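Visitor: The feature compositional bias 'Basic residues' is assigned by TrEMBL to 1-10. Under the heading region 'Disordered', TrEMBL lists 1-34. Look at TrEMBL and you will find 41-66, 179-197, 217-235, 242-275, 287-316, 337-358, 416-441, 462-481, 487-509, 521-540 tagged as transmembrane segment.
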Amino acid sequence: MTALRQRRVGKGTEAAEDQPSEETNVKPDGKIPSGPRGGKLWNILSITIGGIVAISLGLLTSVYVATLHENDLWFSNIKEVEREISFRTECGLYYSYYKQMIQAASIQQGLHGLVYDNKTESVRTINILERMNVYQEVFLSILYRILPIQQYLEPVYFYIYTLFGLQAVYVIALYVTSWLLSGTWLSGVLAACWYITNRVDTTRVEFTIPLRENWALPFFAVQIAAITFLLRTHLQPVQERLTLVAVFIATFLFSLAWQFNQFMMLIQALALFILDSLDMLPTAKVTWLYIIQISGLLLVCVLQFFNSMILGSLLISFNVSVLIAKTIQKNLKKGGLLNRLGTLILHVLLVLCLTFLINKFIKKILNLESDEHIFKFLKAKFGFGATRDFDANLYLCEEAFGLLPLNTFSRLSSTLLFYIYGFVLFLLTVAAVIVAFRNLSGSNQVQLKKKMEEYTVTLKPDAAYSLAHTVLFGCLALSTMRMKYLWTSHMCVFASFGLCSAEVWKLVLKCLHLHTSHRTQVIKYSIPIITLLYISYKFWPGIMDELSELREFYDPDTVELMNWIKSNTPNTAVFAGSMQLLAGVKLCTGRTLTNHPHYEDKHLRERTKQIYQIYAKRSPSDVYRILRSFGTDYVILEDSICYERRHSRGCRLRDLLDVANGHIMDGLGENEPDLKPSSYPRFCEEIKKNLPSFTMHFTRVFQNKTFHVYKLAKHK
């Protein structure tokens with residue numbers, strides 16, 4: 001449907017400079033023998049240079065992705081309707097609320113339209129601010145209205161430039177995290193360069209701009225940087241309090257921006273729980289982090305008009321359970337190895353049982369079913385029984401929710417990132433096992449401490465957290481490809497930290513009996529610089545070629561459809577069709593929808609399954625009755641769905657509907673024994689024959705190579 005093609009007319013664009021910064025002769029953590037005053041000046045100079053490099057790399061990344069977006073679509077030259085169509089699927093839905101706020105007569109009227117929305121779901125009034133995470137669109141639209149920039153900057157550019165600007169925040173946060181872990185800003189440079197050169201696997205912001213994760217992940221990276229600083233030893237009380245405030249603000253903004261925040265922070269809470277149980281993090285700080293997660297999520301819950309999905313989240317149940325279990329079991333960290341293991345097992349079981357009971361209780365009280373499709377999907381994905389559930393299979397059949405493809409690792413390896421990441425991961429995992437065993441054994445023998453010293457120094461609390469974070473999010477990415485961006489960005493941080501860490505190289509050299517302080521320092525700087533030079537040599541020409549390649553947006557069928565809808569249908573018309581297409585219909589035309597891609601509502605999921613009967617084997621009278629029950633005036637049929645070939649048999653939308661309806665699937669292949677042939681042919685195919693049984697209910701009013709629009713008769 002949507003395509004990119006080579007431009008017929010060249011147009012000059014400024015290429016973003018993305019070359020890794022040249023290394024300076026300043027060593028960020030170097031020491032000079034000129035007394036305390038000289039050392040202080042050196043630190044100030046180092047921090048200043050490191051900060052300038054961080055900001056420069058962040059801005060370069062922002063310009064780079066903005067240039068790629070312009071070059072791919074020729075965004076500055078295409079019509080407004082084409083710009084809006086380029087915001088595909090749910091991206092278009094989210095952007096439509098920004099557009100709605102901009103076009104409202106006043107801010108108050110715009111907010112009222114979101115709180116009492118009757119155009120997103122026909123014959124139903126919903127609160128958009130409760131159902132969806134669109135506060136960022138609200139804030140940005142208000143900012144655009146009050147700033148004196150309307151004459152100089154179009155609303156769409158204000159929106160996309162904000163998202164590209166957040167990429168600068170993202171890269172700076174990754175840079176700072178790596179710097180804090182390793183002690184040298186050279187590590188931050190390497191992390192930023194890896195993020196850029198592995199762009200295909202670290203971000204998709206340039207072609208899915210309004211996606212919720214593109215708003216949320218920069219704040220998540222800031223939160224991780226703040227947690228990394230918080231876990232450092234010997235912080236002053238004022239530093240600790242300010243860092244906790246920073247963690248809270250970043251956690252709150254992350255939670256406000258993405259509906260999947262609770263699941264990401266649950267993984268983070270699991271990492272904290274594991275490390276705290278193994279005495280690898282300071283308990284008081286971990287407790288504060290649990291409280292911050294709960295309070296940040298509850299504040300979002302209040303802003304989202306007490307969204308029940310947040311109140312019933314596993315994260316709140318888990319964190320409350322951990323805090324209760326800590327109160328009940330006060331002697332968790334006393335005794336020998338066997339005693340500690342037994343206590344720890346009881347503690348884990350207590351936390352799990354409490355989490356299950358609290359979560360069940362909350363969901364029972366609130367009658368919460370908004371997230372049940374996620375658990376059905378997870379149950380089916382990990383082999384806990386086959387399912388015919390339409391919603392679960394809809395996710396299972398999407399490539400984005402499948403396993404991480406193997407070619408991801410070959411791409412990551414081409415920049416040396418995956419090789420170095422694996423090397424550092426192996427070393428720190430071995431160190432973590434040894435340190436955990438020592439902590440659980442409770443040994444205080446001086447000789448053992450000396451023997452383990454080399455492992456202890458490489459696994460400070462901040463490094464231990466980074467290790468647990470990358471392992472757990474790595475497991476998430478391996479199981480679900482869409483979540484790889486949470487892992488690969490931190491992979492850049494983790495690998496660069498290990499490559500630039502004196503403690504890691506000290507451990508390696510001691511194992512090889514080659515350790516000297518001078519040799520450690522030389523390797524610590526020389527290996528990263530050589531790596532940076534290799535990356536620059538290998539990837540700089542490709543980046544320049546990429547920036548010089550000019551294409552343009554090309555989707556004439558969808559443009560024709562949107563223009564027809566705006567010109568030939570009343571503003572109050574209700575449209576039915578696929579979720580993805582209807583998001584574009586709302587954005588481009590402002591018409592009322594029957595369904596949309598924001599799937600976190602049970603009523604909407606049931607409604608979508610009913611609307612999708614237009615692609616099933618159902619009688620025309622059944623389909624007409626279903627569509628009219630949702631107030632439908634027009635239905636849009638897509639050949640790309642009706643005759644779908646993108647998915648294999650069993651995963652085509654029509655197959656999912658057939659199985660859910662108890663009908664055998666089309667084509668050669670096996671069917672489950674209890675499935676039966678349908679009494680009716682497929683609706684989307686048969687309607688094109690203009691048979692009397694169809695024409696009495698449906699009249700074709702628009703057709704092109706991709707879309708067929710039918711108007712529903714209004715029978716008394």
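Including glycine, each Cβ sits where the backbone N, Cα and C put it.
Owing to the predicted nature of the structure, the values given are computational and were not obtained by experimental measurement.
Context for these features, please: burial, neighbours, distances.
Guide: Tertiary proximity for the transmembrane segment (217-235) is limited to same-chain residues at least six positions away from its ends with a CB under 8 Å from its CB atoms, namely 166-167, 169-170, 173-174, 176-177, 180-181, 243-244, 246-247, 250-251, 253-254, 257, 264, 281-282, 285, 289, 460-462, 465-466, 469, 485-486, 489-490.
Same-chain residues lying 6+ beyond the ends of the transmembrane segment (242-275) with a Cβ under 8 Å from its Cβ atoms: 132-133, 135-136, 212-213, 215-216, 219-220, 222-223, 226-227, 229-230, 235, 281, 286, 288-290, 292-293, 295-297, 299-300, 303, 309-310, 313-316, 318-319, 322, 351, 374, 461, 464-465, 468-469, 472-473, 476, 486, 598, 600.
Long-range neighbours of the transmembrane segment (287-316) within the same chain, counting only residues 6 or more positions beyond its ends whose Cβ lies under 8 Å from a Cβ of the stretch, are 127, 129-131, 133, 135, 227, 230, 244, 247-248, 251-252, 254-256, 259, 261-263, 265-266, 268-269, 272, 322-323, 326, 355, 359, 362-363, 366, 368, 370-371, 600.
For the transmembrane segment (487-509), the list of distant contacts is 170, 174, 177-178, 181-184, 186-188, 190-192, 194-195, 198, 201-203, 217, 221, 224, 412, 417-418, 420-421, 423-425, 427-428, 431, 454-455, 457-458, 460, 463, 466-467, 469-470, 473-474, 476-477, 515-516, 519-521, 523-525, 527-528, 531: same-chain residues at least six beyond its ends, Cβ to Cβ under 8 Å.
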Visitor: Between the stretches 179-197, 416-441, 462-481, 521-540, which wins on the count of C-beta pairs under 8 angstroms to the transmembrane segment (337-358)?
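Guide: Answer is 416-441, with the largest number of Cβ pairs below 8 Å.
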